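**Q** Submitted below is the structure of interest, expressed as C-alpha cells.
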Amino acid sequence: MNKLRNNPFFSSLFLCLLYLPILVSADCTCENELPHNSSNKTKALKYKLVAISSILIAGALGVSLPILGKKHPTFRTENNMFFLIKAFAGGVILATGFVHILPDAYESLSSPCLSEKPWGVFPFTGFLAMVSAIVTMMIDAFATSFYKRSHFNKALPVNGDEEMGGEHEGHVHVHTHATHGHAHGSALVSEDSRSSHQYHVIRHRIISQVLEVGIVVHSVIIGMALGASQSANTIKPLVAALTFHQFFEGMGLGGCICQAKFKSRAIAIMLLFFSLTTPTGIALGMGISKIYNENSPKALVVEGILNSLSAGILIYMSLVDLLAADFMNPRMQSNIKLQLGSNLSLLLGVASMSLLAKWS
C-alpha cells in the first residue's frame with residue numbers, strides 16, 4: 001500500500017479524484033448553453049462509448065509501438081531512426097503543452113464566470129506554467145544528483161577479456177607478467193564508465209515518470225470534460241481528435257520508457273496507466289454529467305490551475321529532456337543528414353498536433 005501511495009502516477013490520479021467534488025459544483029451557467037433533448041443525449045452516449053474504446057486502443061498502441069519496436073533492428077535506440085521518432089514525439093508533446101493545454105488553462109482562468117479579483121488582474125496561467133517548469137527542473141536536478149551520489153561510488157569488477165571484447169567501455173588496469181609474455185586484464189572498469197551508463201538510465205527513468213505525471217493530469221481533465229458533455233455535436237469531432245492526440249502522446253511517452261530500461265512489470269504498469277487515464281476520465285465525466293457544470297467558478301479554477309501546471313511540465317520536459325538532449329548529442333552534431341531529418345521530424349510532430357487543436 002505504501003508503494004502505491006508513493007508512486008507518482010497513482011498520486012496524480014488521487015489528486016484528480018480529490019478535486020472531483022469541487023469540480024461538480026454548479027454556480028455559474030453560460031448564457032449560450034443549449035438544452036439537450038433525450039435524442040441528443042442518446043446520440044452523445046453512443047459517441048462517448050466509441051470515444052472510450054477508440055482512445056483506449058489508440059493510447060495503448062501509441063505507447064506500445066516504441067517499446068515493441070525496439071526488438072526490430074531499425075527501431076533500436078542506437079539507430080538513427082530512433083532519433084527521428086523521438087524528435088517527432090518531442091514535437092507532439094511540445095505542441096500539446098503550448099497549443100492544447102495552455103490555451104485551455106487561459107480560457108478557464110479568464111472566464112467571465114470568475115471574479116475580477118484576483119483572476120482578472122494577474123496572468124495566473126503563464127505564472128503557474130512557469131512555476132511548474134521551474135519546480136520540474138528542480139525535482140529533475142535533485143533526483144538525479146541524489147541517485148548519482150547513492151549509486152555511483154562503486155567500481156564494477158569484470159573479466160578483462162570481456163572488457164577487451166567491448167562489453168564495457170572504460171579504462172582497464174592491465175598487469176603485465178614478463179614470464180608469460182602477455183598481459184592479463186585485471187578486471188576493474190573505471191568509475192567514469194559505470195557512472196555514465198547508470199546516469200543515463202536514471203535520467204531516462206526520471207524523465208519518463210515526470211512526463212507521465214504531466215500527461216496523466218491533462219488526460220483525466222479532458223476525459224472528464226468529454227464525458228460530462230451532453231452535446232453530440234461537441235463530442236463527435238472530439239472523438240477523432242482525442243484518438244490521434246492520445247496516439248501521438250503515447251509515442252512520445254513510449255520512447256522515453258523504452259530508454260529507461262525498466263523491468264517488465266514496471267513497463268506494463270506505466271503502459272496500462274497511460275492507456276486507461278483518458279477513458280477513466282470519460283467514465284467519471286459520464287457518472288457526474290447530471291451535476292457537473294464546467295462553467296462553475298470552482299471547476300474553472302481547479303481545471304485552469306491543473307492545466308497550467310501540466311503545460312509547464314510538458315513544455316519543460318519536451319524542450320530540455322527530450323529535444324535538447326538529442327539535438328546536442330555528439331552523434332547528431334556530427335551527422336548533417338540526421339540533423340536535417342530530426343528537424344523535419346520535429347516540425348512534422350508539431351504541425352500534426354497543432355492541426356488537431358482545430359477540433360479539440
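Glycine is no exception: its Cβ is also placed from the backbone N, Cα and C atoms.
Sharing the feature lines straight out of TrEMBL:
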SIGNAL    1-26  signal peptide
TRANSMEM  50-69  transmembrane segment
TRANSMEM  81-101  transmembrane segment
TRANSMEM  121-143  transmembrane segment
TRANSMEM  206-226  transmembrane segment
TRANSMEM  238-260  transmembrane segment
TRANSMEM  267-288  transmembrane segment
TRANSMEM  308-328  transmembrane segment
TRANSMEM  340-359  transmembrane segment
**Q** Among the recorded stretches 50-69, 121-143, 238-260, 267-288, 308-328, which has the greatest number of Cβ pairs closer than 8 Å to the transmembrane segment (206-226)?
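**A** It is 267-288, which has the most Cβ pairs under 8 Å.
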**Q** Out of 81-101, 121-143, 267-288, 308-328, which stretch has the largest tally of CB pairs under 8 angstroms to the transmembrane segment (340-359)?
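**A** Highest pair count goes to 81-101.
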**Q** Looking only at residues six or more beyond either end of the transmembrane segment (81-101), which have a C-beta under 8 A from one in the stretch?
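**A** Same-chain residues near the transmembrane segment (81-101) but 6 or more away: 66, 74-75, 211, 215, 218, 245, 248-249, 251-255, 307, 310-315, 317-319, 322-323, 326-327, 329, 331-332, 338, 341-343, 345-354, 356-357, 360.
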